[in-house]
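Step one of this worksheet: look at the structure below.
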Amino acid sequence: LTGVLDDCLCDIESIDDFNTFKIFPKIQKLQERDYFRYYKVNLKRPCPFWADDGHCSIKDCHVEPCPESKIPVGIKAGSSNKYSKAANNSKELEDCEQANKLGAVNSTLSNQSKEAFIDWARYDDSQDHFCELDDERSPDAQYVDLLLNPERYTGYKGPSAWRVWNSIYEENCFKPRSVYRPLNPLAPSRGGDDGESFYTWLEGLCLEKRVFYKLISGLHASINLHLCANYLLEGNLSLDKIAEWNSTISMFVKNLYFLYLIELRALSKVAPYFERSVVDLYTGNGHEDAESKALLLDIFRDTKSFHMHFDEKSMFAGDKKGAKSLKEEFRLHFKNISRIMDCVGCDKCRLWGKLQTQGLGTALKILFSEKEIQSLPENSPSKGFQLTRQEIVALVNAFGRLSTSIRELQNFKVLLQQTR
């Protein structure tokens, strides 16, 4: 793939170079840090849309939760030294436990700041969320070490897996009534339409609805790339078959690049939130915490230096009433997709599906909270915009997955050239 992407002024070659030489090595290191490797998730939530058709019994579908003793002391919910070793009386301990969602706070906060965090932790910002977050206080929520439970092909397939993707595309993506072909690009085509003609209907949609589809398609492409990169097919896939799929695959992969741009833009926009001294990636290990924040800020500087960002201001920019209604419809559709992740029958697939969906939802929350981020106070918490540790971990790891996908594409190009 080469050339400029649709709906933006960025070319694929620039993304490849930027990711390979600037982002990929650093984001890999950041994901290995304790703050970002432990993700708290509830894998036992029931599917809200259809009767549970059973969990995958394949051993590779299993997720091994992390024992409480292995979790860094600063990450544990309700830890007595969550913020400061000085927090040793019962009132402060109780306050710290109530503020367990705010895992990105400085360990040297004053009592007044702590109380502000606790008070604002109760603030209902559900209107800003594009995802349904797991309740970290649920007894079914467990910490998972992402490095010990990597995303890979598990053997989970068939009607259960197909039902999840079909529901995402057909019931949540926007499409004209005149389009009868399934939106899932991997679904069998009706008639002789190739990949290019399949996507011509997108041109008739408004920008926001086109973006929505591209985000979902890009996420689908990225996940499939991860699974292919970590799975050896039995037998050989002929080049003739690849050529037959080429037009559909090309559009599929273009949407991956588009999704990368969206999350890259979000990282550049959220930088001021983390640049404040009041925000600390707290695990209890002061030296590692300082190094983690320095590396994160270094990545933010790189994202800001990229000169071909997607312009999110072009979205929801029409009539105020209509734009507000469309934005809410956009948000609810994506939130619904985050709920579908609880219908995935394979625990490992569910884990990474929830994380990547939540990461994208956090990116969207950031993109449409620019004013709130710009008005953040330097030395105190903000009620208007905040991120939980769960959102921060999902944001970084989801972008790390996209960065890996772009890198894997380079490897596939080399392998394809070698087979010709």
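Using the three backbone atoms N, Cα and C, a Cβ is placed for every residue, glycine included.
TrEMBL does not curate its annotations; it predicts them automatically.
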Practice prompt. Using the record from TrEMBL, pick out the residue from Cys228, Cys349 that is joined to Cys346 by a disulfide.
Written response: Cys349
Worksheet item: So which binding-site residues out of Trp165, Ser217, His220 end up within 10 angstroms of Cys349 (active site), measuring C-alpha to C-alpha?
Response: none
Worksheet item: When the Cα-Cα distance from Thr154 (FAD binding site) is computed for each of the recorded positions Cys56, Cys61, Cys346, which gives the smallest value?
Response: Cys61
Worksheet item: What is the total of other Cβ atoms whose distance to the Cβ of Cys346 (active site, nucleophile) is within 10 Å?
Response: 24
Response to the item:
Nearest to Trp165 (FAD binding site) by C-alpha distance, among the recorded positions Cys56, Cys61, Cys346, is Cys346
Fill in: Candidate with the highest Cβ count within 10 Å, taken from the recorded positions Cys61, Cys349
Cys349
